[in-house]
Amino acid sequence: MRWLLLVYLIGMSQDSQHGKWTISSSDDDDEDLPPSGTATPRSRLPVKSNLKSPSPVQVSAPVEVKAEPARPAAASLTLGSEARQSAAKNQLNPVKFERSPSLAGKRKSDASEGSGWALSDSDDDDKDVKENSLSSLPKKQPSSPKTKKPKVKEERPPSPHGRLYYIDEPEDFFESSTSCLNNTYRFYLNKVTGLDKKYNTGALHIRDILSPLFGTLKESVQFNYCFDIPWMVQQYSPEFRDRPVLIVHGDKREAKARLLQQAQPFPHVRFCQAKLDIAFGTHHTKMMLLWYEEGFRVIILTSNLIRADWYQKTQGLWMSPLFPRLPEGSSSSAGESPTFFKRDLLDYLASYRAPELEEWIQRIKEHDLSETRVYLVGSTPGRFVGPDMERWGHLRLRKLLYEHTDPVPGEEQWPVIGQFSSIGSMGLDKTKWLAGEFQRTMTTLGKSSSRPDPPVLLLYPAVEDVRMSLEGYPAGGSLPYSIQTAQKQLWLHSYFHRWKANANGRSHAMPHIKTYMRVSPDYTELAWFLVTSANLSKAAWGALEKNNTQVMVRSYELGVLYVPSAFHMKTFPVDKRAFPFSSSTSGFLVPFDLPPTPYGAKDQPWIWNIPYSQEPDTHGNIWIPS
């Protein structure tokens, strides 16, 4: 049945306007919450083409894609599914592209073999199913004692392209000094393998962040969604690799057991499990707390702790200044910033109710965070009423925009831009959430009594963006928008704009970054800018309930908000040429080209669980969900 379904899917029409597909919908409405991070459908199989890719992207060396734990949609296959089992073998021994109606069935005989491999991060799926697992593969019938062979441990392939995809970057890929970094805004993109060197000058890799360049590390905390513990440990400089690390995660049951098993060779790695008491919530926050001999630093970012996220994707991060230790005997209010960042960070950490974080809460109290110029915008699971409604999610953002921005003349012409890598269920029409409570938040500018309706532009990669990317179709594994969700909100697709980032060389590095902003009509000024882990979903941002007297948030998320007043400016000038970095620039780096490019008549949003078999990608592969 599985293969017959695949043949049927491949034959379906996918030519309708922005995705009017014809397969049936799931009955779950808000509960097939899709996005919150990176994901590769557990069953996405890149299949090799024997045709030359059209206009392939040129990279300086072979590149690889490792996937992040995948979270398919609620209706997706489970971890032990036949598709998961066959994924690796198909990736390592791909089917040649043929113009054949029964393309999907060509590997039927291999369907029961291979190791599991997947990506992750959707708020749309079974939250307890995660990546890189072989634990639930069906057991083969035992052979007779006479023919029994020694058990061989199966090895998960490192990427959907096979074992040879990743290359080790040369030493000059990494930073040797901080002179090329923009210390005004402290917002950085990640380095991308395969780009011209100028587009990586002023960008950061995780190896840069965890090197002596920024301090003599004593201890650290890693908050994240997906982890590859052995890879993570290797990113610390050799002299720091045995320093204590606390992992804050949201895994449960089998996924938690697998995570702990990863860390067995590393006795310095400890764990803290975030409480997820509301269904379909995830621990999606991505933050590093770094304690040095010289002080303390916070990094808030969009990348998971897996190699694929730091290789050929567009990611972003905020790096705090080095916070010095306060003098002995300082008051409890000492070291606060004008943005109350210290108070808000302590409140966020306290929301975990985790004994493992208590020593870190105390350490932060002992440091001077007064140089911080951004506001913290977090989400934490729960149902909140009264004043607590404005502590988390989009109502927290609304409060900050109301109190710390100012109205601008002609603000109805200032577009709101949202850019993300995954999309949740918005409801049957735009008034249910997006054009209602969420738009009211995003259009707030100071204490203006008017509520104009400015343009709302949403950036999400089209199929062609993914096909022509550095990773090819496997990049779509980190863009977990499911057909089940998409077909229930076709109205949403009229908002969509392409991913284009020619100014920073990242048009072919698919975005896992999430940013939201208000921009002037000529796209030269910003009224505010937010970089965050939060995708476009109610699970991440929260949704009002009980006649707007309560807000319910499902997931942990974290981001930082830039407002011009904190930098003694009226607006932020947009830096149209951020690379290579120049110390003379005063502009703000927007991670994509402005103005955004609307979808054309034939463009469709990337949907991760339908096949793309008509055209091969830049690696000669096609995409067959199974």
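Numbering starts at 1 and runs along the chain as displayed.
A Cβ is built for glycine as well, from the same backbone N, Cα and C atoms used for every other residue.
Please treat TrEMBL annotations as automatic predictions, because they have not gone through curation.
Remember, it's a predicted structure, so these values are computed and weren't measured experimentally.
TrEMBL annotations:
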- His284: active site, nucleophile (ACT_SITE)
- His512: active site, proton donor/acceptor (ACT_SITE)
- Lys286, Lys514: substrate binding site (BINDING)
- 83-93: compositional bias 'Polar residues' (COMPBIAS)
- 133-145: compositional bias 'Low complexity' (COMPBIAS)
- 17-164: region 'Disordered' (REGION)
- 1-19: signal peptide (SIGNAL)
- Ser537: site 'Interaction with DNA' (SITE)
Rounded inter-Cα distance in Å - Ser537 (site 'Interaction with DNA'), Lys514 (substrate binding site): 12
Rounded inter-Cα distance in Å - His512 (active site, proton donor/acceptor), His284 (active site, nucleophile): 13
Recorded positions (His284, Lys286, His512, Lys514), the one with most neighbouring Cβ atoms at 10 Å: His284
Pairwise CA distance, His284 (active site, nucleophile) versus Lys514 (substrate binding site), rounded so that it is a whole Å: 12
Other C-beta atoms that fall within 10 angstroms of the C-beta of Ser537 (site 'Interaction with DNA'): 31
